[in-house]
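S.K.: Here it is, the structure in full.
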Amino acid sequence: MSKPHSEAGTAFIQTQQLHAAMADTFLEHMCRLDIDSPPITARNTGIICTIGPASRSVETLKEMIKSGMNVARLNFSHGTHEYHAETIKNVRTATESFASDPILYRPVAVALDTKGPEIRTGLIKGSGTAEVELKKGATLKITLDNAYMEKCDENILWLDYKNICKVVEVGSKIYVDDGLISLQVKQKGADFLVTEVENGGSLGSKKGVNLPGAAVDLPAVSEKDIQDLKFGVEQDVDMVFASFIRKASDVHEVRKVLGEKGKNIKIISKIENHEGVRRFDEILEASDGIMVARGDLGIEIPAEKVFLAQKMMIGRCNRAGKPVICATQMLESMIKKPRPTRAEGSDVANAVLDGADCIMLSGETAKGDYPLEAVRMQHLIAREAEAAIYHLQLFEELRRLAPITSDPTEATAVGAVEASFKCCSGAIIVLTKSGRSAHQVARYRPRAPIIAVTRNPQTARQAHLYRGIFPVLCKDPVQEAWAEDVDLRVNFAMNVGKARGFFKKGDVVIVLTGWRPGSGFTNTMRVVPVP
């Protein structure tokens, strides 16, 4: 390890970029960043992996959990309920295979990503994997005739939006597959369009279609979404990534479908078009969190403006204390190559520096050749980026923005984070039932990991959505005496932290506890040396 900074005492946790962290200005902070300064062992940013053919076997999933996966995402635009039920079973089998060692056990969350009001093409020549080449300048007929649903080729393309002929005009653009293929409408019929291929390429089955500027009148929650969400409730998923959310009422509709049985499922709204960005505040208010879905967003709004939307949304989520996920094309080239491009490395790091709580992999883990390498790469980049955050300014601003409150949990959380900076603590240990105490601490972005001890498995899994929370599940029976039960859980967290290298004997940790059993009573902060 490099030598700790003189002001830092002896806690080894604080060597990462400490010289820079002590800078007085942001520019000085940047000047002091040092590529030879090792980051800490803990990674604070969550990693969400899409599970698909390349990663759904129990063996691969075990390796992905070891490499750092926190949330498994299932994309319901593809696959049947049977297929997804099997994937969920595999994720849980892989997760529970580590259960014999409570110290190394990681609760992995399951996320259901809805198809949402999106438009997709049909199957190419009856196969999910076939592709055809579309040549620039060629004529492509778009049809609504179901006879072609599974018989698309380079001359005719079926898609599943029945009103397309009403909402596009001659001269309109149609984008397919994240905008890789663009078509221009030349002629309109009652149930077909004739288009010219402006930008060609190879087209696969069931690709997404975007109609920028068109007033697409699809319902927020389709019939398929209702079935999928009910399936998710039965399968006990932890969160829903709701696609193409355009306004707050869309979120309420998803909430209504989840119903009483699914009331604890977190709803993360995916912002993927202009209306969603424009009405961001009302959507944030209604949601449990936000996903910056840059794929569709980059077609619906100009590509050069996506970073503005990303920074604005991450900023507002950080201000509101709600989790935000950065997604799409983060390590895209790793689908086919073992190393990312330099631009992708920067992109992952900058998403973390912007303040994202989680970063996501899509095709990289679902269908790529290097799923494990992609997870490891995100893990390494995130850790380095977290060390380079200018906490001095960040904490100051978050604290200033927080409303004055008489809520003991809020006040204790701010105090704990402030104290953790002052004494360079190795971790902040929080005992939490509903997860709220841990979320409050995470909101102030401490440098040290937050070890959240809970007996509620769902609280543990959902905690991965928040930056910095390292959830651990306590399976020991509740002790009769409250004080003994507190000690039991704090010691459990100490053992986890030592085993994982977050801190060692002699370091200090901050411990947050309640004064009586139940939720909502966290009000005590202690500074404790590690035994």
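Glycine is treated like the rest: Cβ placed from N, Cα and C.
From Swiss-Prot, for reference:
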- Asn70, Arg106, His464: L-serine binding site (BINDING)
- Arg73, Lys270, Gly295, Asp296, Thr328: substrate binding site (BINDING)
- Asn75, Phe76, Ser77, His78, Arg120, Lys207: ATP binding site (BINDING)
- Asn75, Ser77, Asp113, Thr114: K(+) binding site (BINDING)
- Glu272, Asp296: Mg(2+) binding site (BINDING)
- Thr432, Lys433, Ser434, Gly435, Arg436, Ser437, Trp482, Arg489, Arg516, Pro517, Gly518, Ser519, Gly520, Phe521: beta-D-fructose 1,6-bisphosphate binding site (BINDING)
- Lys166: SUMO1 cross-link (CROSSLNK)
- Ser37: phosphoserine (MOD_RES)
- Lys62: N6-acetyllysine (MOD_RES)
- Lys89: N6-acetyllysine (MOD_RES)
- Ser97: phosphoserine (MOD_RES)
- Ser100: phosphoserine (MOD_RES)
- Ser127: phosphoserine (MOD_RES)
- Lys166: N6-acetyllysine (MOD_RES)
- Lys266: N6-acetyllysine (MOD_RES)
- Lys270: N6-acetyllysine (MOD_RES)
- Lys305: N6-acetyllysine (MOD_RES)
- Lys322: N6-acetyllysine (MOD_RES)
- Cys423: S-nitrosocysteine (MOD_RES)
- Cys424: S-nitrosocysteine (MOD_RES)
- Lys433: N6-acetyllysine (MOD_RES)
- Lys475: N6-acetyllysine (MOD_RES)
- 389-433: region 'Intersubunit contact' (REGION)
- Lys270: site 'Transition state stabilizer' (SITE)
- Lys433: site 'Crucial for phosphotyrosine binding' (SITE)
S.K.: Hey, what's the Cβ neighbour count for Glu272 (Mg(2+) binding site) at 10 Å?
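M.R.: Result for Glu272 (Mg(2+) binding site): 29 neighbouring Cβ atoms inside 10 Å.
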S.K.: Where the record says Asn70, Arg106, His464 bind L-serine, what is the longest distance in Å from one Cα to another among those residues?
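M.R.: About 10 Å separates the two most distant Cα atoms.
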S.K.: If you draw a 10 Å sphere on the Cβ of the residue listed as 'SUMO1 cross-link', how many other Cβ atoms land inside?
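M.R.: I get 12 for this one.
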S.K.: Please report the distance from the Cα of the residue listed as 'SUMO1 cross-link' to the Cα of Arg73 (substrate binding site), rounded to the nearest angstrom.
M.R.: 35
S.K.: Same-chain residues six or more away whose CB lies under 8 A from the CB of Lys270 (substrate binding site)?
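M.R.: Expected: Asp113, Gly116, Phe241, Ala242, Ser243, Phe244, Ile245, Ile290, Met291, Ala293, Ala327.
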S.K.: What is the separation, in Å, between the Cα atoms of Lys475 (N6-acetyllysine) and Asp296 (substrate binding site)?
M.R.: 42
S.K.: Going by DSSP, how much of the region 'Intersubunit contact' (389-433) is helix, how much is strand and how much is coil, in residues?
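M.R.: So the counts come to 26 helix, 4 strand, 15 coil.
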S.K.: Using a 10 Å radius around each Cβ and all protein chains in view, which of these recorded positions has the most neighbours: Arg106, Arg120, Lys305, His464, Arg516?
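M.R.: Counting every other Cβ within 10 Å of each candidate, the maximum falls on His464.
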S.K.: Hey, of the recorded positions listed (Arg73, His78, Lys89, Lys433), which one tops the CB count within 10 A?
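M.R.: The most densely surrounded of these recorded positions is Arg73.
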S.K.: Identify all same-chain residues not among Asn75, Ser77, Asp113, Thr114 whose C-beta atom falls within 8 angstroms of the centroid of the K(+) site's C-beta atoms; report them in sequence order.
M.R.: Leu74, Phe76, His78, Leu112, Lys115, Gly116, Phe241, Ser243
S.K.: Listed substrate-binding residues Arg73, Lys270, Gly295, Asp296, Thr328 - what's their greatest C-alpha to C-alpha distance in Å?
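M.R.: Between the most distant Cα atoms of the substrate site, 18 Å.
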S.K.: Near the substrate site, what residues other than Arg73, Lys270, Gly295, Asp296, Thr328 in the same chain have a C-beta no further than 8 Å from the centroid of the listed C-beta atoms?
M.R.: Ser243, Glu272, Met291, Ala293, Arg294, Leu297, Ala327, Met360, Ser362
S.K.: Minimum Cβ neighbour count within 10 Å among the recorded positions Lys207, Lys266, Lys322, Lys475: which residue?
M.R.: Lys475
S.K.: Out of Ser97, Ser100, Thr114, Lys266, Glu272, the recorded positions in the record, which is closest to Arg436 (beta-D-fructose 1,6-bisphosphate binding site) when you go by Cα distance?
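M.R.: Nearest in space to Arg436 (beta-D-fructose 1,6-bisphosphate binding site), counting only the recorded positions, is Lys266.
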